[in-house]
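Annotation source TrEMBL lists domain 'G-protein coupled receptors family 1 profile' at 42-297. Positions annotated as transmembrane segment by TrEMBL: 28-49, 61-83, 103-121, 141-159, 206-227, 239-260, 280-299.
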């Protein structure tokens, strides 16, 4: 039954967050704030060194700079709102602000999926076709690849956000989440959302399923090529060039799989505990992965470590 005429239209939403657990809010405020500062610092340093160090002016580090900028944008679209909700008794957000937050979150997530697949292709060409690498991954190729990743994510997000915001919302305006997560918002619509569900399914197939398959087959070819290298030292060096990206991919998609693939509890008490666990997993997913990316690339990549050391030493010389 259509409920659109039963009550006045919703002009804003209430973000439930951890309202039922006020003691946790203060603890998580400090923890999430610290992690957010690490994200800004770590990814900011990566962006800086990929711009300033001429040795890092390659396709792989161009993509890495884009990934770091994306992680800053992704967390900035949600973390300040989450931190404010931990300190504010009335956790409200306007309809328009909810739409903007939803758009940015979906756009950054979709863009990251495509960007990670572009980075996998870069590693595939570098290892499987090294002689053709300068031609295939020229600046005329990798810049449009990155721009296309951003454009695809933005367009997909515009479509999904416009579909969601055109729905009538009435009555219940409480979002059982920290932010305006699109699926949580759709549950509040007082109209048929079948079109939204179908469009979300198509978008997930394009921006989640296709990149996963692309990355999977890229690394199958990479693994086969590495195993054909006769020397152990050659195999180690070849694998080291893609180990950081592979680690980031595993963390990114592994967390998504854990979030959405675990079984739901049917027990009411268990459901309450699972609801809290789901919220905390979602919260940490939004900050842990962007925080780990620069750490992974710094620890597992000697070029990045050398560039950071050079940047620090130059700063000391100028002082």
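Backbone N, Cα and C atoms are what each Cβ position is placed from, and that goes for glycine too.
Keep in mind that what you see is a predicted model, and the values were worked out from it rather than measured.
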Ranked by Cβ pairs within a distance under 8 Å of the transmembrane segment (28-49), the first of 61-83, 141-159, 239-260 is 61-83
Close approaches to the transmembrane segment (103-121) from elsewhere in its chain (Cβ under 8 angstroms; 6 or more beyond its ends) = 60, 63-64, 66-67, 70-71, 73-74, 77-78, 142, 145-146, 148-150, 152-154, 156-158, 160-161, 179-182, 203, 207-208, 210-212, 214-215, 218-219, 245, 248-249, 252
Averaged over the whole of the domain 'G-protein coupled receptors family 1 profile' (42-297), what is the pLDDT?
-> 87
Among the recorded stretches 61-83, 239-260, 280-299, which has the greatest number of Cβ pairs closer than 8 Å to the transmembrane segment (141-159)?
-> 61-83
Under an 8 Å Cβ to Cβ limit, what residues of the same chain, 6 or more beyond the ends of the transmembrane segment (239-260), are close to it?
-> 67, 112, 116, 119-120, 123, 126-127, 208, 212, 215, 219, 222, 226, 278, 281-282, 285, 288-289, 292-293, 296-297, 300-301
Under an 8 Å Cβ to Cβ limit, what residues of the same chain, 6 or more beyond the ends of the transmembrane segment (280-299), are close to it?
-> 28, 32, 35-36, 38-39, 42-43, 45-46, 64, 67-68, 71-72, 74-75, 78-79, 82, 177-178, 181, 244, 247-248, 251-252, 255-256, 258-259, 305, 308
